[in-house]
Amino acid sequence: MTFLRTPFARDRLGSRLRVRTGDPLVMNSLYLTATTVVTSLLGYVFWTVAARMYPASAIGEAGAGVSAMAFASLLGALGGSMAVLAELPGKRGPREWSATITAPLVFTSATSAATALATVAVLSLMGHSAFLYRDGWWVAAFVVGVVATTASQVLESVWVAERQGIWFLGASTVFAVVKLAIVALPVFAVFGATGILSAWSAVLAATTAGCVLVLVRRFGYRPRLTGLRGQIWSMRQSLTGNYVISVGDQVTLYAVPVIVALKVSPQAAGWFYVAWKIGGFYAVFASAVGTSTFAEGSHRPHRVLSLAAAGMKMILPLIALGAAVTILGGRLILHAFGAQYAAHSYTLLVLLSLGAFPDAVVTIYRGVLRVHKRYRTAAAICWAVSVSRLAFTALALGWWGITGAGWAWLATQTAGALWCALDLAVHRGAFNAAAEAFAAAEVITAEAVSTAVKADKVLKEDS
C-alpha cells in the first residue's frame, strides 16, 4: 500500500490503465463482459421471481419457448450479425455505412419471421408441451420475439464494430430491468408461460426500436431500401460463411433445452433450464472476448493472433473464479429457486462451469479463423462439436437424467479445444505469412493515400 502511494507507482499504474482503456479490444470486451454480468444477474433475479410466482411446469414451458425463440432466430439470421462485424470496419462513407447495416437488418428480420412461423408449426406437430394447443397470443409473442432477437443481434454487431460497446451495455440493461419489472406484476401470473414469453418479447422489441433511433439521431444512420438486393449480394460470402459457422456453433445452445424438454418431464426441464442459464453465464464471457477479437481483428488482421492471446489472458482468470464460485456456492445459489433446484441441478451446474474453459479456446480461435476467412475449418469444428453433443446429450439423458447434458457439454467442448490447438500448430506458418501480407497491404495502402493527397495538393496549387 505504501508503494502505491509513491508518485512513481501512481504514474506507472495510471499509464497502464490509460493504455488498457485505450485498447479497443479491451474496452469492447469489458463492455460485452459487463453486459453479460448485468444481464445474467438480472436474468437470475428474473427467473427467481418467476419461479416463486409460477409453477415449475410454467417455468419449463416458458424456458423452452425462449430457447426455441432464440433457436429460430439463429436459423433465420443468416449470418447477418457476424457479416456486419466483418464488413462494417471498412465502410467509411455515410451512404455505404448505412447500407451495410440496413441490408442484413431488413433481410434477416424478414427471414426470421418466416423461420418463427415454421418453428411454431414444427414443434406443434411434434407435440411439444410449450407449443401444443397454444393460442394466437402465444404465437404472436413468439414471432415478435424471434424478429426482435435477430434485429438486436445485428445492432449489437454495429456497436462492437464501431467500438461503441457501451451502447450495447445500456440497451441490454434497459431490456433486463424492464422485463423484470413487467414479469413481477401479478397480472401476468394469470397467463402462466404465455405471460412470461409475452413480457420478454414486448420489451425486447421496444429496446431494439430504441437502438435504431439512437443510430439515426446520434450516428447519422439513414435506412434506405434502394439497392438493397445488390448490397445483400455483395455481402454474400460473409453472410454465407458466417451463417454456417454461427449455426454450427450455437445450435446446441438452443436445441439442447428443447431436447431435454422432449425427453424429460416439464418439472425436470424446469430444473435443467435454471442450471443451464446460470452455467451459461461463464461461457458467455468467452463469447464477449471472441466477438471483440473478431471485430478488432477485422480492423487489424495482421495482429489477430496476438489479439487472441491477449483475450485468453483476459478471460481465463474470470472463468476460473466463476468455476470456483459454482463448486463452492452452487447449492446456495440454486436454493434461491427452491430446495428441489438445489437437489437436482447442482452437478449439472458444476459440469457446465467447467466446460467454460475449453469453450473459451474454441470461441476465441473461431474469431481468428473468421478474420482469415477460413470459413470451412471453423464450420467443420463447430459442426463436429455440435452434432456429437446433440447425439451424446440424447443418450446421456437416458443414463444420468438432466446431469447427462452436462457431461455431454464438457466432453465435446474439450474435444473441440484439442482440435483448435492442433489446427494452430499445423497452420502457424500460414498465419504468420498472412500477417505479413496484411501488414504489407496496410503499408501500400498508406503510401497510396499519401501519394494521392500530395497529388491533389499539387493540382490545387497549379490551378
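A Cβ is built for glycine as well, from the same backbone N, Cα and C atoms used for every other residue.
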25-47, 416-438 - the one TrEMBL records as transmembrane segment: 25-47
Stretch carrying transmembrane segment according to TrEMBL (options 241-262, 439-460): 241-262
Interface-richest range of 25-47, 67-88, 137-155, 241-262, 346-365 toward the transmembrane segment (274-295), CB pairs under 8 Å: 346-365
When counting Cβ pairs under 8 Å to the transmembrane segment (137-155), the leader among 25-47, 67-88, 100-125, 346-365: 100-125
Chain residues outside the transmembrane segment (241-262) and at least six past its termini with a C-beta under 8 angstroms from it: 60-61, 63-64, 67-68, 70-71, 74-75, 77-79, 81-83, 86, 123, 126, 128-130, 268-269, 272-273, 276, 280, 366, 370, 373, 375, 378-379, 382-383, 385-386, 389-390, 393-394, 397, 402, 405, 409
Chain residues outside the transmembrane segment (67-88) and at least six past its termini with a C-beta under 8 angstroms from it: 97, 100-101, 104-105, 107-108, 111-116, 118-119, 123, 128, 130-131, 142, 145-147, 149-150, 153-154, 156-158, 160-162, 197, 200-201, 235, 238-247, 250-251, 253-255, 257-258, 273, 291, 294-295, 298, 370
Distal contacts, the transmembrane segment (346-365) - CB-CB under 8 A, six or more residues away: 272, 275-276, 278-280, 282-283, 285-287, 289-290, 293, 308, 311-312, 315-316, 319-320, 322-323, 326-327, 330-331, 333-334, 381, 385, 402-403, 405-407, 409-410, 413-414, 416-417, 420-421, 423-424
